[in-house]
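Chemist: As listed in TrEMBL for this protein:
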BINDING   30-37, 147-150, 184-187  ATP binding site
ACT_SITE  His37  active site, proton donor
BINDING   Gln61  beta-alanine binding site
BINDING   Gln61, Gln153  (R)-pantoate binding site
Amino acid sequence: METITTVAGLRACVRKWKQAGDRVGVVPTMGALHEGHLSLVHAARAQADRVIATVFVNPIQFDNADDLETYPRTLEADACLLKGAGVDVLYAPTVSQMYPPGFATRINVSGVSEGLCGGTRAGHFDGVATVVCKLLMQTLADRAFFGEKDFQQVQVVRRMVTDLDLPVEVVACPTQREADGLALSSRNRRLAPHQRQIAVALPRIMRACAADIAAGADIPAALTQAAGQLADAGFEPVEYVELRSELDLQPLASLSGDAPARLLAAAWLGDVRLIDGMAVALPE
Ligand code: PAF
């Protein structure tokens, strides 16, 4: 595995691959890698000839300076994991390489970036869309792999790729979970042991809520009940528990066969913000 830190170096490498007819897959990450990221690398390995993993803690998607400061940075360990997973190139640009002095562009994807995580994190999805667009243009990837845990992020990237005619296929991969059901996240490592015990209530309560809705429960009542159960379990604050269309992230007042539905939630344990999401299917 080669580590590249400049746009020029990456372009030279990708040019050779493209000349040889290789299809390129990219897995964008902010590092602090876990099995969830590696599942994206495995998917990329299976669906592309060459795999680039990017590690870049993107300052413009953080709305909180402390969060950016404390975001885990574990490049050496990340490099070992990526090498073991068969990545061809680790692309780890510096902040000044990505955002040189004078950088002034932001991509704003309206609609799907509003509400949910976009409701409380000002500018977050502009930062995500901007960096993902740059990474796609820099890597010239044919396919880009993202985790469904960040469901709204996937929809924002899909909308941007469609709207800007970017020649890349966005591949969404299923959420990876711990044995007890907690969705894998780089933030989990910041949970104290007692918080880790509480954290498992998030997928448990969401699963029960999804099952109630699928069985015909009143949707607003089921969502309110789940938010209350999360608060009782120790989450503070519970930011949202919502049922949205998987297609355009519009709120859903009822289930129908035409619009696949997804239950989405965000809640805090101390200074750790956890999110999760799961499909809600009508019974067969
Ligand atoms: O999901 C992430 O890790 C980040 O939001 C991404 C897509 C790498 C952009 O910085």
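Glycine too: its Cβ is placed from the backbone N, Cα and C atoms.
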Chemist: I want to check the contact list for His37 (active site, proton donor): same chain, sequence separation of six or more, C-beta distance under 8 angstroms. What comes out?
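Modeler: Listed in sequence order, they are Val27, Thr29, Ala53, Leu81, Gly147.
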Chemist: Among Gln61, Gln153, Ser186, all listed as binding-site residues, which has the most CB atoms within 10 Å of its CB?
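Modeler: Highest number of other Cβ atoms within 10 Å: Gln153.
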Chemist: Listed recorded positions: Met30, His34, His37. Which have a CB under 6 angstroms from an atom of ligand 1?
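Modeler: Met30, in sequence order.
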Chemist: For the C-alpha pair, I'd like the distance in angstrom between Gln61 (beta-alanine binding site) and Gly36 (ATP binding site), rounded off.
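Modeler: Cα of Gln61 (beta-alanine binding site) to Cα of Gly36 (ATP binding site) measures 20 Å after rounding.
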Chemist: Can you tell me how far the Cα of Leu184 (ATP binding site) sits from the Cα of Gln153 ((R)-pantoate binding site), in Å?
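Modeler: Spelling it out, the Cα of Leu184 (ATP binding site) and the Cα of Gln153 ((R)-pantoate binding site) are 16 Å apart.
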Chemist: List every residue in the same chain as Lys149 (ATP binding site), at least 6 positions away in sequence, whose Cβ is under 8 Å from its Cβ.
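Modeler: When sequence neighbours closer than 6 are ignored, Lys149 (ATP binding site) has Gly36, Thr175, Gln176, Ala183, Leu184, Ser185, Ile275, Asp276, Gly277 within Cβ distance under 8 Å.
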Chemist: Just to verify a number: CA distance, Ser186 (ATP binding site) to Gln153 ((R)-pantoate binding site), in angstrom, no decimals.
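Modeler: Between the Cα atoms of Ser186 (ATP binding site) and Gln153 ((R)-pantoate binding site), the distance comes to 16 Å.
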Chemist: In sequence order, which residues at least six apart in the same chain have a CB under 8 Å from the CB of Ala32 (ATP binding site)?
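Modeler: Long-range Cβ contacts: Tyr71, Pro72, Arg73, Thr74, Asp78, Ser186, Arg189.
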Chemist: Write out the long-range same-chain contacts of His34 (ATP binding site), meaning residues 6 or more apart in sequence whose Cβ is under 8 Å from its Cβ.
Modeler: Gln176, Leu184, Ser185, Ser186, Asn188
Chemist: What's the CA-CA gap between Gln153 ((R)-pantoate binding site) and Met30 (ATP binding site) in angstrom, rounded?
Modeler: 14
Chemist: Give the sequence-ordered list of residues that share a chain with Met30 (ATP binding site), lie 6 or more positions from it, and have CB atoms under 8 Å from its CB.
Modeler: Val55, Phe56, Val57, Asn58, Tyr71, Ser186
Chemist: For Gly147 (ATP binding site), what is the secondary structure by DSSP, using just helix, strand and coil?
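Modeler: Strand, per DSSP.
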